[in-house]
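Some features that TrEMBL has for this protein:
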DOMAIN    27-194  domain 'Era-type G'
REGION    35-42  region 'G1'
BINDING   35-42, 82-86, 143-146  GTP binding site
REGION    61-65  region 'G2'
REGION    82-85  region 'G3'
REGION    143-146  region 'G4'
DOMAIN    225-301  domain 'KH type-2'
Amino acid sequence: MANEEKQEDAAPSVVIPEERPYPKGFRCGYIAVVGRPNVGKSTLINYLVGEKVSITSHKPQTTRDRVLGVLTRDNAQFVFVDTPGFQSKYKGGLIHHMNNVVRGVLSEVDVVFFVIDAIGWKKADEEVLRLIPRESTVILVLNKTDELKNREALLPLMAESMQKFPFAAIIPTSAKKGKQCEELLEEAKKYLPEDAPYYDPDLYTDKSPRFLVAETVREKAFRLLGDELPYGIAVTIDKWDETDKSAEIIATLLVDNERHRPIVIGEKGAKLREISRLARADVEKMLGKPVHLEVWVRVRRGWSDDIRALKTLGYE
Ligand SMILES: Nc1nc2c(ncn2[C@@H]2O[C@H](COP(=O)(O)OP(=O)(O)OP(=O)(O)O)[C@@H](O)[C@H]2O)c(=O)[nH]1
């Protein structure tokens, strides 16, 4: 800091151009993937972001708290968010409130992928569609095209679909085989704002060491705790100091609820120590050097509490 100040004093006329670690025209935004059960939403997200990507961010209280996965490409970052409680099966007093929650999420995202089976519309699809605000940018995904006997049937289905909603685009895909998924991303990219990446691109790719370490810690925690943690856990990497000879890493396990903290810590810290020990062994192998790995536990609060309340009432 002192050095920087000195430099500024010495050369006040030099304008240092703003450095951007991302290219001009980079786009970044949120995408919600919705549709009735079983149409292939999870398969699609998994294909797009990679099997193992499932993270939760620090930022509470917004859509950002519901991040399922982040895909970072050279020119864009796609942030896929969960839309909890999105269903239309139940009727009752709470449905109104729940639908408002859903609409709130959908109005925060930049693009909605609305997924149906390429065989055609079902009543349940239409019910879900009714919950989507008409002003949302919605791309209709006709999934499972690999199961179609007659691909020509897609054309009338597209025409029929446009009668139901002003879709921004219609893309037939096979999430299972990864067909047309690139086209889907290209289409979605058009609707993302020009913005810097919201998530550290180094961390949220499927290759970076930071990401792999976070996944290792998560995997060990998951293995040791399993069903004891009903809503799962997320991991953030808070410190990463690496030299040629060693690495010092601090990771935090985020739990949803104060009650889960002692479960993760275990008696006299035994569980947490075991998680650290197992993860460290893997990370040392991965980095090929001694590693000091500290794992902390923190309670993350978010608006998911609302959703949880609904869940316990049987609304999901
Ligand atoms: N043939 C075929 N099967 C698919 C495709 N996409 C998903 N599936 C299958 O459809 C079933 C449901 O897929 P999911 O990804 O779990 O569907 P979902 O919409 O996330 O379901 P919910 O979690 O119940 O909402 C699974 O058996 C998938 O393997 C596809 O493109 N082609």
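Placed from the backbone N, Cα and C atoms, the Cβ positions cover glycine too.
A TrEMBL annotation is a machine prediction, not a hand-curated record.
Lys41 (GTP binding site) falls within a helical segment according to DSSP. Packing against the region 'G1' (35-42) from elsewhere in the chain are residues 87, 113-117, 122, 124-125, 127-128, 141, 143-144, 175-176: each is 6 or more residues past its ends and has a CB under 8 Å from a CB in it. All protein chains included, Asn38 (GTP binding site) registers 10 other Cβ atoms within 10 Å of its own Cβ. DSSP assigns Thr145 (GTP binding site) to a helical segment in the three-state reduction. Note on Thr145 (GTP binding site): other Cβ atoms within 10 Å of its Cβ, all shown chains, come to 20. For the domain 'KH type-2' (225-301), the number of residues in each DSSP class (helix H, G, I; strand E, B; coil) is 31 helix, 27 strand, 19 coil.
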